[in-house]
Structures are given as structure tokens and as C-alpha cells.
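Remarks on the structure that follows.
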């Protein structure tokens, strides 16, 4: 299978390299060995080998991956892909509603994950059009700062306004100031709108990639084809590896250093410096820094794990911008990321003159400062900075204090717990815990003393066992009976009486395990039987005669004689009212 394909836009995208079947004898997920029945299957995203049950997930990958239709994915790739997909969809909806509220910008389309994977699920991008700027295209960064990472509260309206004004006030010729900043408090998202440069970033220029392609597919180092001759000079190899002209590298480096000095003068140590955060402005042939807001939102830098690693000198942590600048310089010349700083010794033949000595100076134990690095003769390139732009970049005192309080507050367990476990809170907790421990110790000592005084010499074993049980009971009841002075006095009672009175076990057992309900009493009357003749009302002569007439047809005459007896009972009827009314008249 060919490792590279071309999408509809004409950009070459490298697929994930499939591992050979012989390289894995068991599934990478369930660790079960492969057999004739349990066959090998490759994940289309990562290229690893799994069994059928561990890779039975199908999803449609973006066209940049070079596949069409649903493709087989492993469990981890499917979860991350679906999670990012849902996250991007929600961010796109938030951006649509937020941009619709402003009459200046119009939502165009969502973008793939063009940012670095270090941001995880906290950053996505979309395209918009500036209606007031002649319909120019803009890139909208949708940031979701987590509560543990953001040093200021998103629910504070004053902090929101201060963040917007501070970010818009940072103006410099080599810093791309946002056009607008929108804070969506309902969704805890921040929208930073910038001008879109078709040339992309410096990393796009190094890797010759499209700016809007996914991050994990466009930055793939491709080693140039070696010549037929086995021997090659160092000059020819340096020319093949130097992807950018040396003069352009010198000019860009000088501009980057000047922008870093401006940010340092405002109190921002821009540790988020890498080639993806340096855009190329072709109109005036300059480079401009972006994503300055990352320093004010507590997001981790790209080189955070490397700089704060074990065994690195303290000068690396004190000069974060210089270390990041050294990584950028190495990648602009060689064309691949540096990784560990000791790797520069492996590329000595590829460096131009004085560059290797400069990198050695940057990654030494005594790292130079920005002011010392700018004075290096290798950066002596004429650059003009307008004085008006520097005047526009001045900040107010309130904005400088906001930067001082919130800049470079990286997300870490210590930083996230600083609000709840401050020094004052720790002192309060320690004092309260010491008081509780002292009270408990005093109670235990009092209990043991009383029992030791009461117990006799012959009954030492019993007296040694009693304090442990009663002290536990007293400690448990002291929490609920702090205001009752009689509760601790139970320890002065004799051991036999304390054992009976102190543990209230019988009511607890009665409440939780009640006796079974008593059986129904025997004297209770049984359910009523069907009505019998004994309980019927007394029979009347009319009824008896009626029954006899039913039985014997000869009793019809008797029924006629007994009918007058029933008339007084029916005197209440409506016919009896007529004669009474006539008498009154």
C-alpha cells in the first residue's frame, strides 16, 4: 500500500504506516495471542495491530487522511476521534451563536484540528468573514479554559473585560494583535478572532504544508531522496537540509527576539513560543507572534514537560523564552524538532557558520538572557520598528497588574490546589487538628487515670481492658455531647456500672431489629359469614303469606285478607298526603 495519497485539494497526506504482521504476536489491547481464528486487523488511524473484537469500530475519517467511507479503528482511536468530533461540533455551534450576536463577523465553516495536540480538547478553530473589513477571512480560536487552569474566574465580569482590553492593547509590529475578543460566559468559552494569512506559520513553510490541514498529518518529516553516490560532502547535505534561506532565518530570528523583549517588558514570559505560533505576513515580509492569550489563561506550553524535567539546570526555567527560541532556530535550519538539547551534537555538519556555537551557548548551564542574545553578531540584521506602533502598545497600570497576577500560571496540581490550600488555610487546619488531638489525648488520659485509681491490684487485667473500650465510647460521644457536662463523668463510675450504662446497645438493637409483629388475637371475630335466616329482620305476615302463595296456589284468598295490614306502613307515601291536606282546609 502506498504511504502517501493526494486529497481533492492536491496536498500530499501521509497515511499511518501499518506495522508488519510478523511484528506483533498478540493484540495490542486485550493481549490475546493471534491464531488462525483470531486474525490480525490494522487500525486505519494509528496503524497498530488488533484483533477483531478490539478493532470493531467504524467511523468516517476526514478526507485529509486519504480514506473514503467508514474505516476500521481501534478502541482508543475511536474514542478520541468521536470525543473530538463532538467537541468540535459544540464549539462550532457556540461560535455561530456568538458571532451572530456581533454585526461585524459572519461564521463561514469549521476547521479540523489544526492546532497542536497538546491543547487536547480545549481549543478548536473555525473560519469567519469580517464584514467591516471588506469581507476578509479571519481565523477564530475557540478556547475552553478549565477551572483548574484559568487563573481568573470566568464568572467575574470585571476580569473578563480586563482580559479583553489587555489582549487588545498588546501591539507590536511583530505581534499579531487580535481583531476582536469575545467571551461567552454562558458556555465558558473565549473566541479570539485574527486575520488569516494564506502563507500560514513558519512550520508550514518548513514542512511545505497547507495551513488548514490537520496537525497530526501535515507536519511529517520526509527525508530527501539520497543520491546514487554513497559519498556526499557536508556542504551539499547542508544545502538539502536547509529548508529556509539563511538570511531569512536571521531576519526572522531578530524579529522574534524583539517581540519577546517587548512582551518581557510588559511582564509576559512567552513560553508558548514554537514555529506554529509564528505567522508569516507576506505583505511586509515579517513574522508575527500569535496565541499570547495562552499565557493569561494558564495553558501548558509545548515544551513544559521538557523544561521542567528532572536534571535540567535552573537557568532553563529562568529563561523559558530563550530555550524555546533555541528549539525554533534548530527546527528552521534542520527541518525537524530538536527534542532533547543533547541532539545538537548529531547535526554538527548541517549547521551554518556560527550557528552551532550559538546553540551551544543557548543550551548551556549558563543560559543567556534575551538582552544578551540580541547582541549576538549573528543577528545583526537591519530591522525598522515604527515609534508610533510602540506608543500604541502602552498598557495601563491596571492592565500591567492583571498580567502580573495571571501570567504564566500553568496548570498543575500545585497551582490548582493553591486556592483551597493556601498557607493560612493550612495553618488553620493544622491548629484545629492539633487541638482535636490534644483534646482526645486529654480525654484518654483522664479515663485511664480514673480506671487505674478505681481498679485494685488483683483486678489489673480488667482495668487494662476497660480504658480502651470506654475511651472509644467517650471519644465518640464527646462529638455529640460537647455542651453536656455530665457526659464525661461516666468515667468516674465503677467499672461494672460503666459497662452497663455507657454502651446503649439495647435500644439500638430494638430500633434496627424490631420483634416480629404479634399474631392476630384469637378473640377477634372471624370474617362475616353469608347472611343467615337468624339475622334477618322479623318476618311479617305479608311476607309469610307471599311465600305460602308461591308455594301453594290455594292461599290467594289469605293474601287478600292480609294486605290491609301493610297499608299503615305505606301511609308515608304520596297517596296519604291528599286526605290530610283536605282536612286542613
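Heads up, the Cβ atoms here are built off N, Cα and C, so glycines get one too.
What you see is a predicted model, and the numbers here were worked out from it, not measured in a lab.
What Swiss-Prot annotates here:
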- 21-82: zinc finger (ZN_FING)
- 27, 30, 51, 54: Zn(2+) 1 binding site (BINDING)
- 43, 46, 74, 77: Zn(2+) 2 binding site (BINDING)
- 426-456: compositional bias 'Low complexity' (COMPBIAS)
- 426-585: region 'Disordered' (REGION)
- 466-503: compositional bias 'Low complexity' (COMPBIAS)
- 513-532: compositional bias 'Pro residues' (COMPBIAS)
- 533-542: compositional bias 'Low complexity' (COMPBIAS)
**OP:** Would you please pick out, from the binding-site residues 27, 30, 46, 77, the one with the fewest other Cβ atoms within 10 Å of its Cβ?
**Re:** 30
**OP:** Compute the centroid of the Cβ atoms of 27, 30, 51, 54, then list the same-chain residues not in that set whose Cβ lies within 8 Å of it, in sequence order, for the Zn(2+) 1 site.
**Re:** 26, 28, 29, 31, 32, 38, 50, 52, 53, 55
**OP:** Rounded to the nearest Å, what's the C-alpha distance separating residue 43 (Zn(2+) 2 binding site) and residue 51 (Zn(2+) 1 binding site)? Just drop the number here, would you?
**Re:** 10
**OP:** Tally every other Cβ atom lying within 10 Å of the Cβ atom of residue 74 (Zn(2+) 2 binding site).
**Re:** 24
Subject >> Surrounding CB atoms that lie within 10 Å of the CB of residue 51 (Zn(2+) 1 binding site), all protein chains >> reply: 22
Original post:
Pick from 43, 54: which of these binding-site residues has the biggest number of other Cβ atoms within 10 Å of its Cβ?
Top reply: 43
**OP:** Could you state the whole-number distance in Å separating the C-alpha atoms of residue 27 (Zn(2+) 1 binding site) and residue 77 (Zn(2+) 2 binding site)?
**Re:** 15
Subject >> Alpha-carbon spacing, residue 51 (Zn(2+) 1 binding site) to residue 74 (Zn(2+) 2 binding site), which is rounded to whole Å >> reply: 9
**OP:** May I ask which of the binding-site residues 46, 74, 77 is closest to residue 54 (Zn(2+) 1 binding site) if we compare their C-alpha atoms?
**Re:** 74
**OP:** Name the secondary structure element type, per DSSP in three states, that contains residue 54 (Zn(2+) 1 binding site).
**Re:** helix
Original post:
Near the Zn(2+) 2 site, what residues other than 43, 46, 74, 77 in the same chain have a C-beta no further than 8 Å from the centroid of the listed C-beta atoms?
Top reply: 44, 45, 47, 48, 50, 55, 73, 75, 76, 78
